[in-house]
Structure formats: structure tokens, C-alpha cells
Amino acid sequence: MVHIISKKTVSFIGQKLAAQIDEQLFTKYGFKVEQLMELAGLAAAQAIAAHYPKSNVAVLCGPGNNGGDGFVCARHLQQFGFTPSIVYPKESRNELMKSLVVQCETSSIPITATLPTNLQAFPLIVDALFGFSFHPPTREPFTEMLKTVRASGIHVFSIDVPSGWDVELGAPSGNDDDVIHPHSVISLTLPKLCMKNWTGPHFLGGRFVPKSLVDEHELLMPQYPGFEQIVKLED
């Protein structure tokens, strides 16, 4: 059972502050990208395991850090008894991403560049295409993929920011058939401003922010119970 807290007790942050917090974690505080990626992906997998029954899961991974979170999430989902398949439409040359690919390949997790032809065999899709640095609109090879996912009606779990959303303003108005409208979301570190009015299942993970960094930015951080890595936000 995931501990529930009021979303009024945590800060919602914009794109600039989110980037600043990451930069400070990687420099002043000595964290490595792969450390935080592992924690983020594990938190996402824990939220999924708490909210959904074991099933086939299609994990859509972009070439950046959000995609890395997706690879880690897929690996942990397999450990939790799910059957993940990764969709990786745009490969990264980054050595960390290459390592994550190897980790999943050697765990016999399928990796393809396109959506499965039997997409309806996957009751859940994990959206890990774009992170908080994304600026609309979407571009290929992602646009058509997002349209297919949107039209499928399959439940989508988004990691941090739903694909196609402006990080601060949320889903664009008008023609948005290439924009994910998720059924559930996990925010990482702190929820972004685009999630302020979100009313669906909303998890939060990222139990690693040093107190001095919290104090510097006067942030409201969640009170995680015991040794839990995620909480659930409600009104």
C-alpha cells in the first residue's frame, strides 16, 4: 500500500528550477547521472507494481535521461514479475545509454525501434520518451508513434512529464493527437508545474535530495514513511 500525502504539502517546480536542481546534484553534491537514473527507474517500477497487475508492458524510451529511466524501469519491472518490451526509436550515442541497452539485452528484454504490431497484447504502456527539458512540438520518429499510442486507448503510465506536454503549461490546446494523455504519472524529485491540475493517479519518487539543497531553494519535500521510495499525491 503506497502512503498517500496531500499534494499541497509539496512544491511544484518549473523547468528552470528543475534543471538547476539537477545541475547542483551533479556538481556541488557529487551525484552521478547513473545513480539518480537507477533510483528514478526503480521508483517508477515500484509505482507501476503498486498500481497495476502483472502483465506485458511496452516501455517507450527516448534517447535522453528520461529514456534511461525507462530502461531501468523495464529491468526492475521484469524483476517484479512483469514482462517488459522496450521500444527505442532513436538510439543515443551516450555510453551510459549503451550500457543500459546491454543490461536489458542480457536480461532477455526485447528492444525494437518500432511499436509492436500486436500492441493490444500490452495492457500497459510506459511513456519515457521526453523529460523536463522538452519543448513542444513533437518530431519524428516520435510523432506517429505517439499518435498510434493515443489512438490505441491502452493505459499509459508517464514518467515525470507526459510526452508532448509543455513542462510548465501542460498539454497543448488544439490538435493534440500526438500528445500523451496518461492514465497515471510518477513525478521525479518534485512534480513539475504542468502537473498542478492533474487529477489522475499521481506518484512521486526521488528520495535523495540533500537537506541543504532543499533549504537553499525553500522547497517543500514529501515526508516518505519508513524506507519507502515513493508516495502518492492526492488533493
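Positions of Cβ are set from backbone N, Cα and C atoms, glycine also.
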For the K(+) site that Swiss-Prot describes with D127, S163, which of these is also annotated: N66, N94, N197?
N66
Residue among D160, D176 sharing the (6S)-NADPHX site, where Swiss-Prot lists N65, N66, G67, G68, D69, G131, F132, S133, F134, H135, P136, P137 as binders:
D160
Here the Cα-Cα span from P136 ((6S)-NADPHX binding site) to D127 (K(+) binding site), rounded to a whole number of angstrom, reaches 16
Which one of these binding-site residues has the most other Cβ atoms within 10 Å of its own Cβ: D69, D127, D160?
D69
May I ask which residues of the same chain, at least 6 positions away in sequence, place their Cβ under 8 angstroms from the Cβ of S163 (K(+) binding site)?
L60, D127, L129, F130, F134, T138, F142, L146, V179, I180
For G67 ((6S)-NADPHX binding site), the same-chain residues 6+ apart in sequence with C-beta under 8 angstroms from its C-beta are C61, Y88, S92, M97, A128, L129
Whole-number Å distance between the CA of D160 ((6S)-NADPHX binding site) and the CA of N66 (K(+) binding site)?
8
Listed in sequence order, the residues of the same chain lying six or more positions from N66 (K(+) binding site) whose CB sits under 8 Å from its CB are A128, L129, F130, G131, I159, D160, V161
